[in-house]
Amino acid sequence: MRALYFRTTTLSTFFILCSLASNDIPRTGGNKIVQPPKPNILKQGCPSDLLHSRALRSIQLACRSHPATVISAFEGIQEGLQNCANRLRFQQWDCSEAGNIMHDPPLLRQGFRESSLIWALSSASAAWGVATACAQGWIDDCACNNHMGQNEYEFGGCTHGVQHGITASRKLLTKVGAVNSLLRKVEKHNLKAGRLAIKKTLISSCKCHGVSGSCQQKTCWKRTATLEHITDYLVEKYARAKLYTDDSVVKTTDLIYLEASPDVCKVKSVAGRVCAWRNETHTQGDCDRLCCGNGFSIRHEVVRVKCDCEFVWCCNLVCKDCIQHRWISTCNGTPPKSLIF
């Protein structure tokens, strides 16, 4: 698992550094669009855990025919889960142990409110990952045209990559066969809500054309929002998720769930979780609440961190090394009580 995390971090960092740059304004050399090099993991094919995945037959098939698409989707999901863990870091349930949908985690065999978020976030993140890879020119099926034509204003961005990402997410993550149970129905609904989140958060990008930068003509296209923004959008939906019954009337963009969630303190170990011991307002990050009454420990750390970072076009982030003193408070606790959360 440690090696898998390293692989994920490598590609996800590249996503962050280059995705907005390629989606906004194409880098050109003469009349040719200059694309960043394809990461090595997209050239190596699917790893064995995806190639032999038992969770989704579609993953196995796509790994053989379109491995770069599967890997881009997987990495997008991993990035989405990391964003979710950061966004919910002050909540008792924080996404950190939810598991990737492509590995069939226990949480997605239940109909909890938390399950609805992971379904939707996985669907949206997979679409985002593929759309970003398309915009970079890393996936042959949807890469932007290599040539812009005689006039630069003819270039209309990479809008088709967004739809390709949404379609790929649907094909990869939606289970085939009849929807014959409430859980499958809820799963399918939340996956669709995640794909719709991509459309709801699209950003318009425009480029002016004319003498000396005047806007005599303008080319506009749609691009995906940052994954952080998409995650925030879905977390807000999660906070307003609706309990679903046979006669429920819900919007396609709503997140829905089937049953009340268990008490996190009774099913999930909090041992080692970082909390804010100096927080006297007893709100975000409060140790008493996050540690479920198990108490906490405080230790001093001297850590080396990156600082004074500069973005060097394209796509390198150059930073200095700095020393930082930290007081870290972590929850005491017992071993994990459940594999669900």
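Yeah, the Cβs are placed from backbone N, Cα and C, and that goes for glycine too.
Sequence annotations record features per position, and here Swiss-Prot assigns signal peptide to 1-21. Residues or ranges marked as disulfide bond in Swiss-Prot: CYS84-CYS95, CYS134-CYS142, CYS144-CYS158, CYS206-CYS220, CYS208-CYS215, CYS265-CYS292, CYS275-CYS287, CYS291-CYS331, CYS307-CYS322, CYS309-CYS319, CYS314-CYS315. What Swiss-Prot records for SER212 is O-palmitoleoyl serine. Feature annotation from Swiss-Prot assigns N-linked glycosylation site to ASN279; the stated evidence is sequence analysis.
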| Candidate disulfide-bonded residues CYS95, CYS134, CYS275, CYS309, pick with smallest Cα gap to CYS331 (disulfide bond) | CYS275
| remark: Within the same chain, the residues at least 6 apart in sequence whose Cβ is under 8 angstroms from that of CYS265 (disulfide bond) are GLN92, CYS292, GLY293
| said: Quick check: of the disulfide-bonded residues listed here (CYS142, CYS215, CYS220, CYS319), which one has the Cα closest to that of CYS275 (disulfide bond)? | reply: CYS319
| task | Using all protein chains in view, find how many other C-beta atoms are within 10 Å of the C-beta of CYS331 (disulfide bond). | result | 20
| Spatial separation of CYS220 (disulfide bond) from CYS287 (disulfide bond) - C-alpha basis, Å | 48
| task | Have a look at the disulfide-bonded residues CYS291, CYS309, CYS322 and say which one has the shortest Cα distance to CYS208 (disulfide bond). | result | CYS309
| note | Checking the disulfide-bonded residues CYS275, CYS322 for other Cβ atoms within 10 Å of each Cβ, the smallest tally belongs to CYS322
| note | Rounded Cα distance, in Å, between CYS215 (disulfide bond) and CYS307 (disulfide bond) is 39
| query | According to DSSP, which of helix, strand or coil covers CYS95 (disulfide bond)? | reply | coil
| Among the disulfide-bonded residues listed here (CYS95, CYS220, CYS291, CYS307), which has the Cα closest to the Cα of CYS142 (disulfide bond)? | CYS220
| task | List the residues of the same chain that sit at least 6 positions away from CYS84 (disulfide bond) in sequence and have their Cβ under 8 Å from its Cβ, in sequence order, or write 'none'. | result | ASP94, CYS95, ALA98, LEU117, LEU121, THR231, VAL235
| task | Out of the disulfide-bonded residues CYS206, CYS220, CYS307, give me the one sitting nearest to CYS319 (disulfide bond) by CA distance. | result | CYS307
